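*Asks:* Below you'll find the structure I mean.
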Amino acid sequence: MPTILSRLRRRGSADAADTDTAADTDTDTDAEADTAPVTTTAAPAKHRFEVHRRFGAWLGRPMTSFHLIISVAALLVTLGLTMVLSASGVHSYDEDGSPWAIFGRQVLWTVVGLVGFWIALRVRVSFLRNTAFSAFAVTIVMLVLVLIPGIGHESNGSRGWFVVAGLSMQPSELTKIAFAIWGAHLLATRRLEHASLRELLIPLIPAAVIALVLIVAQPDLGQTVSLGIILLALLWYAGLPLKVFVTSLGAAVAAAAVLAVSEGYRSDRVRSWLDPGADAQGSGYQARQAKFALANGGVFGDGLGQGTAKWNYLPNAHNDFIFAIIGEELGFVGAFGLLALFGLFAYTGMRIARRSADPFLRLLTASATMWVIGQVFINVGYVIGLLPVTGIQLPLISAGGTSTATTLFMIGLMANAARHEPEAVAALRAGREDRMNRILRLPLPEPYVPSRVEAVRDRLRSKPNAAKAAKPARPARPA
């Protein structure tokens, strides 16, 4: 009997051991099964993290803003020339007997703009600030001269061009860029001096009113709105009190509304915008044909150069309504890609403004960004029917010589500001010269030296923080 019991005990122990071994095996198998999917899903997550890390490291490089603004400008100029060539052939042949005439003039003005871009990259910030008011005064004189019959050239009911050797130049475009530079210089200086609100506004607002009145006298509603955008952007980024800014914005909107209905053809455009079917063959014809062109394009478009709206169906297809041609020939994908490119431009401009140590460059870059994006918003808005037609061009895309040249010059100033970011200045002056700087033969940027007022203000701001950090911690209350 004891022998039988001992055998049963040994068998039970062996069975238990087998069971434990099987259980361990099953556990290991389950563990492997559980860990296998984790391994397969961890790889994409790790890859995404690596991509995010590398992208963040690239954004943190000293010259990233400089490379971004130049790349975006190059893409916009290339797309603009391509679409002007596609959209202007028919109109150019009817007007000049050659399908290349408008495109040739646009190429010439683009070359002028690229030269201005290079000059803007090389100009010193101190020279820019010292000559700002003189340049603005010269443009005011040009606005007066262009109104004189025999000197100024009239086109489409507006006397706003000088014509020299077959090339037309619009002085109001020069006024916008000169006003942006002078306004940024003035506000940056007055803010450092802790000027009162009246001292901040008195020099700027009267000068803007003079320029606006002269542009309205041409008349040119589009340029008036563009200059108003620059003025509002300067005031906003200069730190104008919200109540005063809202009042200024309301006054600007009211003035634009009055101007929109003051002339017969402009009031007809507003009525056609409110009721598109009221005069489909008259004042509403252009906006209606633009919508037809966008609808014909669909998702992927009819193909580059294959659009039909430019065959005298859509007036100004190469100029104010070139976005409709882009939508027809490149489709929704092409139109969205263009808007995404302008979105990247807005991000880059605000990035440069945020990273700039110089208040003047910060104001100038932010205002220039809002100027370009504001024109994009208005142009695309009236092409798709959200806004009444105003005649504002699509920057760097529409056919317009002076507009293209001045926009490239302003983007050159933005790229110059990108080179003056503190990290970029430190890198370039430490000998880590960028390849693009070598190609363009650009001088080394000067570091920003804060004024005495800024130094005192920063010192006063740092004292409370230092005192707070040096203050001993309060002992814990006994339990």
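Glycine is no exception: its Cβ is also placed from the backbone N, Cα and C atoms.
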*Asks:* Examine the ranges 172-188, 240-256 and name the one recorded by TrEMBL as transmembrane segment.
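*Replies:* Within the set 172-188, 240-256, TrEMBL attaches transmembrane segment to 172-188.
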*Asks:* Can you work out which residues elsewhere in the same chain, 6+ from the ends of the transmembrane segment (172-188), have a Cβ less than 8 Å from its Cβ atoms?
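*Replies:* Apart from its flanks, the transmembrane segment (172-188) reaches 128-129, 132-133, 135-136, 138-140, 142-143, 160, 200, 203-204, 207-208, 211, 215, 218, 220, 223, 226-227, 230-231, 234-235, 238, 358-364, 367-368, 371, 402-403, 405-406, 409-410, 413.
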*Asks:* Flag the pair the transmembrane segment (68-90) / the transmembrane segment (200-217) as in contact if three or more Cβ pairs fall under 8 Å (sequence separation 6 or more).
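*Replies:* Between the transmembrane segment (68-90) and the transmembrane segment (200-217), contact is absent.
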*Asks:* Which residues, given as numbers and ranges, are at least 6 beyond the ends of the transmembrane segment (223-239) yet have a Cβ under 8 Å from it?
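*Replies:* Answer is 160, 170, 172-173, 175-176, 179-180, 183-184, 187-188, 191, 200, 204, 208, 211-212, 215-216, 245, 248-249, 252, 255-256, 259, 353, 362-363, 366-367, 370-371, 374-375, 378, 390, 392.
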*Asks:* Should anything in the same chain at least six residues away from the transmembrane segment (360-384) have a Cβ under 8 Å from its Cβ atoms, list it; otherwise answer none.
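*Replies:* Cβ under 8 Å, 6 or more out: 125, 129, 176, 180-181, 183-185, 187-188, 225-226, 229-230, 232-234, 237-238, 273, 287, 290-291, 294, 320-321, 323-324, 339, 342, 345-346, 349-350, 352-354, 390, 392-395, 398, 407, 410-411, 413-414, 417, 420.
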*Asks:* Below 8 angstroms Cβ to Cβ, which residues of this chain, lying six or more residues outside the transmembrane segment (321-348), approach it?
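*Replies:* Residues 65, 68-69, 72, 75-76, 79, 83-84, 86-87, 286, 289-291, 293-294, 296-310, 314-315, 369, 372-373, 376, 379-380, 383, 394, 397-399, 414.
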